[in-house]
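Undergrad: One structure is given below, represented as structure tokens, and several questions about it will come after.
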Amino acid sequence: MADKLFSFSVNRRIVAGLLVNLLSSICIVFINKWIYVHYGFPNMTLTLVHFVVTWLGLYICQKMDVFSPKSLPVRRIVWLALSFCGFVAFTNLSLQNNSIGTYQLAKAMTTPVIILIQTTYYKKTFSTKIKLTLVPITLGVILNSYYDVRFNLQGTVFASLGVLVTSLYQVWVGAKQHELQVNSMQLLYYQAPLSSGFLLCIVPFFEPLTGDGGIFGPWSLPALVTVLFSGVVAFLVNLSIYWIIGNTSAVTYNMFGHFKFCITLIGGYLLFHDPLSLNQALGILCTLAGILSYTHFKLVEQEEGKSRLAQRP
């Protein structure tokens, strides 16, 4: 009886964690888009708010013994902190200048770019099956972009830079975690305030400080509340990702990610009335098929690798 109650309690916590991640991951896209469309809040300042709230949230978490901070030398995470600034800022600019569909599909290009970086600079090898799944992913993104009536050069540049910097950031995060022997939350705890400091120094050069659209401009109370709320949601996204992976498995997180991918696309067309042609829908399905295939083959390879290790004497 006690085992059943324990199992029920664990399952309930896992379901709660998945729901928090689902709601926060979808909400952050829609809230940010709402802020850009209805309030015109400056992008880099919004990114700075996210960083500061994330660090404050992590500070509270470590005080509550959710994780133990580990002292890290600043010079060894400087480039990681800079790339963190770049990837959040450029993906937000992509969201600001593209439809949600194009923004979401552009993010799917992160996987092919990561594989290209790891193959070229880290001499990592990938199976033919994995490489072939990149074809429908890339083809679907190109098909959607070509038939997107809101397609524009500026949005494409920001989306491309976002994909490149995000890919570099994800590769470097893995390398730094291994090099410094820390987990994601320990790394983010030192990285977030450093990234906030960098942004604080450069924001005045790119965004006005006063007047309409300025950081200290005449913002309405609803605008300020929405911006602060988006920072809290951004923190919940980061925290729930680490919690899900730590308490379930990579399989659960990846499958759940595909579900969020579809809901975000549908929500963009319903809430912001993004136009959707038949060819764009085919592009979305093509990209989704590639992502599902990539995840399937990647997880099969991981299981085979574990089996081989287990069979060794």
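Using N, Cα and C of the backbone, Cβ positions are placed for all residues, glycine too.
If you look up TrEMBL, you'll see 14-35, 41-61, 77-95, 101-118, 153-175, 187-206, 221-245, 252-272, 278-297 marked as transmembrane segment. According to TrEMBL, the feature domain 'Sugar phosphate transporter' maps to 23-294.
Burial and contacts for the listed features, if you can.
TA: The predicted model assigns the domain 'Sugar phosphate transporter' (23-294) a mean pLDDT of 80.
Proximity of distant same-chain residues to the transmembrane segment (41-61), defined by a Cβ-Cβ separation under 8 Å and at least 6 residues beyond the stretch ends, is recorded for 32, 35, 67, 85, 88-89, 92-93, 96, 185, 188-189, 192-193, 195-196, 199-200, 202-203, 206-208, 213-215, 219, 223, 227-228, 230-232, 234-235, 238-239.
Counting same-chain residues at least six beyond the ends of the transmembrane segment (187-206), those with a Cβ under 8 angstroms from any Cβ of the stretch are 42, 44-45, 47-48, 51-52, 54-55, 58-59, 62, 67, 69, 72, 74, 77-78, 80-82, 84-85, 89, 173, 176-177, 180, 215, 238.
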Undergrad: Between the transmembrane segment (101-118) and the stretches 77-95, 221-245, 278-297, work out which stretch tops the count of Cβ pairs under 8 Å.
TA: 278-297
Undergrad: Most CB pairs under 8 Å with the transmembrane segment (77-95): which of 153-175, 221-245, 278-297?
TA: 153-175
